[in-house]
Structure formats: C-alpha cells, structure tokens
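K.L.:
Dumping the structure here so I can ask a few things about it.
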Amino acid sequence: MITVANLSKKIGEVQALNDLSFSAENGQITGLLGPNGAGKTTCLRTVFGLLKPDSGTSCVDDIDVAIDPIGAKKQLGLFPDPFGLYERLTPREYIRYFAELSGMARKPAKAATDKVIEQLNLTDIADRRCKGFSQGQRMKTALAQAIVHQPSNIILDEPTRGLDVMSTRLLRDILIALKQQGHCVLFSSHVMQEVAALCDRVIVMAQGKVVAIGSPQQLCEQTGKDSLEDAFIALIGTDEGIAA
Amino acid sequence: MKMILAMVRKELIDAARDKRSVMAGLYYAIGTPLLMCGMFMVLIGQLSSPEDLHITINKADNAPDLIRYLDNNGISHGEGKSVKAITLTISDDYAADMAKAKPAEVIVTADKSNEKLQKSISRLERNLQAYSSEMGSLRLIARGVNPQVMAPLKITVHDQSTADSKGGLILGIAIFTMIYSVFISAMNLAIDTSAGERERNSLALLLSHPMTTRQLVLGKVIAVTCFAMLGLVLIMLVSKVAYMFVPWQELGFSVNISPDFMGLMFAIGAPVALLASTLQLYVSFMAKTFKEAQSYLTMVLFVPVALSMAATYNIAPHVLEWLPVSGQQQVLMAFIKGREIPMLQLAISSAATVIIAIALMLGMERSLKSEKVVFGL
C-alpha cells in the first residue's frame, strides 16, 4: 500500500506538487492520470525518496519514506521512465544485478532471475547484450527488473510509451496477474485507453493537485460524460497535454 | 557489503566489455614504457658522449706523459666513426724542448667554425692548458718557488650537470609515468560509471534501490580503483621488459624493475589509485554527460602532472615531498637510487592521499543525496 499525504514540492519556480494526497491499495491497479507536467513523475520520485517534499509525507506499507528510506524502498519495485538499461550487460545479468541490489542473496537472486525470465518470455534474448534491443524488449527487461524481487508495491512510470500492441497486451496481462497476487500496482499515464482498460481506481492529477479520485465509471458518472476522455477533460478543464 | 560486491562485480564486467575503457588503459600501459625507453636511449647517448673524446693523435710516441694525462681525462686516439675531426700533433722536438724547459710545441688542427666541434676543441685545449700549468708548477717547485705565485686567481667551477642529476630528471619522469597510469586507467571507467550512468538514466533507478548512497559510492570507488591498479600492474610488467634494453650503466644507476620495486610500487600506488578514482568520480558526478566529464577531467588530470613536474624541476621541493603523488614519486626515486626510503615522508604523503580520497568520497555521498545532482535540476 502506498499513501501520500499533503505533499508539496516546489522545483525552481514551479509548484510541482500542491498539497497532494491519495492512496493506492493492495490488490488494486491504481492509475495516476494527468496531462504532461501535472507532477506525476515528481510524485513517484517523492515516493522513492529521490526527491524530498517541502511538506507532507509519503508512506510505503506504513513505512515513512523520509524516516526509513531503505526499509520503504525494500517494499518497492520501479519501472522507470526512461528504462535505464546497461547496454553492455545481458538481461540476465541486468535483472540479477538489481535483484541483488534489492537485498537478495546471490543464489536466490539467480533463481528469481531465471523465474522472471521464464515468466516474461525473455528466454530467447536473456543472454544477448541489451545494445540494439527493440522498445518491447527493453520494456520487458525493465519490467523484469522491477518485479524480480517480488516487491509488495510496484510503481510504473509511463509504462506503455512506445510499445506495440503485443507488448502492451503482455504488460497489461502481467499487471493484472500482479494485482491478482495481491500486489499494489501504481502507474502513471496520460493515455486514456490504458487507464480505462486497467485501473480499478484512477487518480486524476493536474498542476500538482488531485482533481478527482474514483473508478473510471465513477468518474464518468460524476461528470455526466460517456467516455473517460470526456470526463477527464471536464475534470481538468482543458485538453492541453492529453493523448487520446 | 553484499551489495557493494554485487556492484563491483557488475562494474568490472561492464568495464571489461567497454572497449573504449580497456583500450585507453592498454595503449597507455604499453605505449608509455616504450616511448620512455626511446627517450632514455637518446638521452643517455647525449649524456655519455662527452665521457670519451676520440681524436686523431699524431706522433704520440713523442710525448708519452702528455698522452697518459689526456687519456686519464677521457681524451684518446681513436679509429673509426666515433673519432671527432680534431687532430693533435706532437712536434718532433717535444721531448728535447721539454727537457730544456723551452715551450714544447703541440699543434691542434680543427675547424673552429664547426659548432658541433667547439665543445670538444675547448675541452682538449682546457686539458692541454691544465697539463701545461701542472708542468710549470713542477718546474717552479724544482727551483724552490711556490707555484701558487703563478696563480693569482683561483677559479672554481661547479658543474652540476652530473650524470646523476640529469638522470634524476628522466628517472622522475619514468616513475611518474607509472604513477600516472592509475589516473589514465581509471579515467574512462570513472566517467562511464558516473556521468555515463546519469546519461543513460540509470542513476535514478540505482538510487531507487534499497541501498545507501555510501554503499553506492563505495561500490563505484572500489571498482574504479581495481581497474586503476590493473593499469599499474600492466605498466610495470611492460616496463620490466622494456627497460631491460636501456643501457643504464652509462648513467651510474639503473631503473631495474625488480620484484621488490614492483611490490613497493604496488603498495605505494594503492592509495594513489584510490585518490585517482575518487577524484575522477567526484568530478564526473558533477558533469551531466560523458563529454562534459571528459573535458573537466582533462583539466583535473593536469594536477598530478603539475605536482610531479614541479618536483622534478625543484620548485618548492620542501612542500612537495609531503604532498600526494609528488611525495610518493620522490620515495620511489630514492628507492631506485638505492638510498634509504624516507619513511616519514612516505607515511605523511600516503596519509594525505587517503585523507583527500575519503573527503572526496564523503563529498560524493553528500552530493548524491542532492536532488540537483541526481536529476540535474
């Protein structure tokens, strides 16, 4: 479970987060939906303790990130934007390296790596160096890195960008499987269909603030619109920075 | 600790696969000793030539004592290519004139406008003059006169260009190239693992994992230091072979890369390698891209060069012997020259090296906690 309460953060002159509060429950997929520049990435970075909020707290499984960052990070898996692959390592080495950095011992890390490679159908590319990988292959490698240590919370920053239909479907299936295993999945996106298709709960963000929270259907009802897209535009009051 | 080991392992695999890093280290480690050897041979050739001056001496039998005197001073009759175009002819009346205390004639034939010969000609003239005044003194003594009346001036020239001091200069350079190898070998990996990490966007991902920035810094420093030491070992091995071909005996000492020297170099080099890796990592973490880091490091790498060169040219020697790099360099030079190792100097310069390295590590640890550095905000 991830909870953020009254987060505010100013980056330079921009108020990136403005008294932001929400929570993402276990066994649910929570979507952080907002136009470009709404503060989605800033919010996720704050959850990881990479950015320090000016005020407010963020907790992972009731561990305050500001007090025990290491303990909080142990409960987290990150699928970052951009992926941050090491081009000279193979996916097997890459995944295992981050498994060990997540606190696993060598042998369990190796076993977990083999398992996640199997799970994501990475076997054919697992021992090739990452240089020259397609966007889909990169996505899979980065995703494997995020879930290899079976964290209770998985955070994905814009996971579907640049993916083809097959990769998007695979990603969707994996996220649903994670949800069914009881993980807390939080992802940020500005792609409507993605959010509508996957999320149990949507947090609509604009200018660092929560505008509305609810299931896609609730949001439509709340605004009296038929599609999430129209509801979204009605909620944030502009169609700037949205991908349909 | 487990995580640090995992990091070191990953960084070393990553570096070994990076041709750019490996080649930069290799070129330096192999190329520099060979270059130094070439330089040494030329320098030794220049230094040792005045030792023996070969000229043509005609009718040497007329003045055996003079010939012996010149021979003692390195001037002798020679054959073949090394003979300078100077001819010394002893007149037939030499012995008779000498016996009668008349000026005995010797004739020097040479082209004085030839610049290359001038040094040799004046050397021959100087020696003849010295012999002449020595004979004069003996004659005065035989007549009961103190020969000092003939010498109103006492000229003392201190020629400082001894083989040892000139050799010291090149020896300093030779040792410096070895110490410098830790900086060169560490450079590419240091950039790649810091600025490169940020450029590839993996730095934030790395920091999102449950590890402290201290562990991260230590992992990187250890990996880069290992790589730097590898460069040092390599250059010592190449030097060991290459320096065997240099005619050291002409210099009065020899750069013998003995196992003892290698051991000492390794021990002294370790803290320097630590400094090299922390310094370069620290600077590279400040840079946003690989290229930016490279241009900063070119400036930073001038610092060890300046320290070493200042020591070689005797600029502020009393300060430099306590400083990192130059202090260790002087200790190694003392060892090569067979002098006693100045332990206090070694201890203080090594301690200074380690202290600076630790300060840089703490600085890095701090800066990696800063949002500005991590995200370049």
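Even glycines carry a Cβ here, placed using N, Cα and C.
Bear in mind that TrEMBL entries carry predicted annotations, made automatically and left uncurated.
Keep in mind that this is a model prediction, so the values were computed, not measured.
The following feature annotations were taken from TrEMBL:
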TRANSMEM  B:21-44  transmembrane segment
DOMAIN    B:28-361  domain 'ABC-2 type transporter transmembrane'
COILED    B:107-134  coiled coil
TRANSMEM  B:169-191  transmembrane segment
TRANSMEM  B:221-246  transmembrane segment
TRANSMEM  B:261-283  transmembrane segment
TRANSMEM  B:295-316  transmembrane segment
TRANSMEM  B:343-362  transmembrane segment
K.L.:
Could you pull out which residues elsewhere in the chain have a CB under 8 Å from any CB of the transmembrane segment (B:295-316), counting only those six or more residues past its ends?
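P.N.:
The answer is 168-169, 172-173, 176, 179-180, 183-184, 187, 190-191, 276, 279-280, 283-284, 286-287, 323-326, 329-330.
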K.L.:
Which whole number is the mean pLDDT over the coiled coil (B:107-134)?
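P.N.:
Computed over the coiled coil (B:107-134), the mean pLDDT is 86 on the 0 to 100 scale.
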K.L.:
Pairs of Cβ atoms less than 8 Å apart decide it: which stretch in B:169-191, B:261-283, B:343-362 has the most with the transmembrane segment (B:221-246)?
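P.N.:
If we count Cβ pairs closer than 8 Å to the transmembrane segment (B:221-246), B:169-191 scores highest.
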